[in-house]
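Enquirer: What Swiss-Prot records for this protein is below:
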- His275: active site, proton acceptor (ACT_SITE)
- Tyr24, Tyr129, Arg164, Arg278: substrate binding site (BINDING)
- Ser106, Gln127, Thr155, Lys251, 306-330: FMN binding site (BINDING)
- 1-380: domain 'FMN hydroxy acid dehydrogenase' (DOMAIN)
Amino acid sequence: MIISSASDYRAAAKRKLPRFLFDYIDGGAYAEHTLRANGSDLADISLRQRVLKNVDNVSLETRLFGESLAMPIILSPVGLSGMYARRGEVQVARAAANKRIPFCLSTVSVCSIEEVASQSDQAIWFQLYVLKDRGFMKNALERAKAAGVTTLVFTVDMPTPGARYRDAHSGMSGPYAAPRRILQAMTKPDWALNVGLLGRPHDLGNISRYLGKATTLEDYVGWLANNFDPSISWKDLEWIREFWQGPMIIKGILDPQDARDALSFGADGIVVSNHGGRQLDGVLSTAKALPPIVQAVGSDLTVLADSGIRSGLDVVRMLALGAKGVLLGRSMAYALGADGQRGVENMLDIFAREMHVAMTLTGVTSIEQIDASILVKAVA
């Protein structure tokens, strides 16, 4: 199969992965309106092409949270990445290190913090959920510190899991889910051998010690569902800010007031995100939510964004809307599922080339020069 764009990896992953895994990453909440809007609203933003601007030296280099990056991209925390390729989180961490960008490990990763950190040539970031079990959270933070994690990404948009109907149809959840997953795996022999068999263990490395002999996917999902904490407030997070001395990013912000609250709380950054359309269907797309949030916090808070970013052009659009960097989730997972570490690295190369072209043709040569002036709407 010819891979010329990041979207090609979606088709390749669909061919290679069992349905329950592909639909888990590909799907969204309810009728998936927000999932689709994330992409379409970005695509509707027109770039302002310029000519004769001397764009001989275009650089994607930038700095975020004290780190020098090859481009303003972070590989997102994606749960169960170790099911998309053998020890998938390790492969993603290596790809990120080779491309000199950060990788953020999910709480619900197959590979543990310690395994991924020991296999990566650069320090990783770590994502943590708000959970009722404060002992687990404190232990996870201590483990992250010990493993050399530099940056904490705190996800706050999951006081309860979203309703993802596609998962019930695919076998990720619902009646007879386990036998359905087995039957699907049998139709994908390459995945069944390389990941299903040789990629063991398939437990969630950061959680398994809390579950004892309960090791099925349903056990993990049940533990998480029972531990999401709808009573949490900003005050409940003060101990985390005191405990974690490194950069702390709040992920899941869609409202300007919540962005202001994150600033008052002492966060170093936020991620404007609707969880890829996987939580509440009908909320604003990230592209529409981002500008008023940037206006609300100005330069006092580093604003990142995710959801709907499928190309280097989309990265440039998000930067023009005010983000300082973006997180890639689905694009990373598709590439990982299709071709492991090599796929992720090639996907990042594609994004970099697309960014380079977009910057060249809009007349900017550095990330710092990208702003609303390169958008047609800004000059209409």
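Cβ coordinates come from backbone N, Cα and C, glycine included.
For the listed features, I'd like the structural context: burial, neighbours, distances.
Expert: Long-range neighbours of His275 (active site, proton acceptor) (same chain, six or more residues apart, CB within less than 8 Å of its CB): Asp157, Met158, Gly162, Gly252, Ser307.
When secondary structure is read from DSSP and collapsed to three states, Arg164 (substrate binding site) falls in the coil class.
When Cβ atoms from all protein chains are considered, those within 10 Å of Asp314 (FMN binding site) total 26, not counting its own. Asp314 (FMN binding site) falls within a helical segment according to DSSP.
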Enquirer: How many whole Å apart are the CA atoms of Met318 (FMN binding site) and Arg278 (substrate binding site)?
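Expert: Distance between the two Cα atoms comes out at 20 Å.
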Enquirer: Would you measure the largest Cα separation among Tyr24, Tyr129, Arg164, Arg278 for the substrate site and round it to whole Å?
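Expert: Answer in Å: the longest Cα-Cα distance is 19.
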Enquirer: According to DSSP, which kind of secondary structure is Tyr24 (substrate binding site) found in, if we only use helix, strand and coil?
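Expert: Its secondary structure by DSSP: helix.
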Enquirer: Tell me which residues of the chain lie with their Cβ under 8 angstroms from that of Arg330 (FMN binding site), as long as they are six or more apart in sequence?
Expert: Arg10, Ile25, Asp26, Gly276, Arg310
Enquirer: Can you grab the distance from Arg164 (substrate binding site) over to Val326 (FMN binding site)? Cα atoms, rounded to a whole Å.
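Expert: About 24 Å separate the Cα atoms of these two residues.
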Enquirer: Over all shown protein chains, what is the count of other CB atoms within 10 A of the CB belonging to Val326 (FMN binding site)?
Expert: 26
Enquirer: Taking the Cα atoms as reference points, how far is Asp306 (FMN binding site) from Arg278 (substrate binding site) in Å?
Expert: 12
